[in-house]
């Protein structure tokens, strides 16, 4: 019976395995050429997304922009003057590894902390602007973020100019404890004085705007705008559901939900933001 037993063979590929056809000779894809949409999951050319103001061309998801990108998009070219560029956080509570975390974020983002403030023109109208950056410790508000925003508001009050703040934040920065929480009161007090002077404050809510930022300056605007599908809230959805023992609507804490319930004034597509802000400044100039 052994004569009829099926023999075992080793399959040898006929593909040329010559060293000249090594991996180095195969086509390569440059790093950073593709990006995956965080909403629909589609793989997209990064250049197409960048050319579309970082909006997904497939599902219209407004992907996150960093502070420098947003300033370049919103402010007229050559008019931006930055405030307090080199202000850096201390570690007043001696929180373990906080300095190392800050340094790591600075190297990653090119920023000293989570907000960029300054003076510039939007369609020819001068304004003070503050733009938060979620790439820097999720835009958390510590002493530097609060101080820079407060100084920007005070500068606007002194110059009798409007203020525009683009918010994106996970809330207060836990590493700074009470020093972080007091920024809520400080920024709000500065805005109160700005308001008493009869000046305009426009708040633009971008994804995500949560925690202490929502509970302070983000919701104090004379006019409150938001990008589509922006997450806006104070406590997290799961915490609220567990507290009230109820299931929340699927669109809860979205800009659309808040607009429907009167908490924000307008939802604006990103590509229309500069025109919209320019028109608001023109009407109030």
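Quick reminder: no glycine exception, Cβ is built from N, Cα and C everywhere.
Copied over from Swiss-Prot, here are the features:
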BINDING   37, 40, 56, 59  Zn(2+) binding site
DOMAIN    33-285  domain 'CoA carboxyltransferase N-terminal'
ZN_FING   37-59  zinc finger
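Counted within 10 Å of its Cβ, the other Cβ atoms near residue 37 (Zn(2+) binding site) come to 18, all protein chains included. Compared over the binding-site residues 40, 56, 59, the count of CB atoms lying within 10 A of a residue's CB peaks at 56.
Helix, strand and coil counts under DSSP for the zinc finger (37-59) come to 6 helix, 4 strand, 13 coil. Those residues of the chain, other than 37, 40, 56, 59, with a C-beta within 8 angstroms of the mean position of the Zn(2+) site C-beta atoms are 38, 39, 41, 42, 44, 57, 58, 60, 61. Note on the zinc finger (37-59): mean pLDDT across this stretch is 91.
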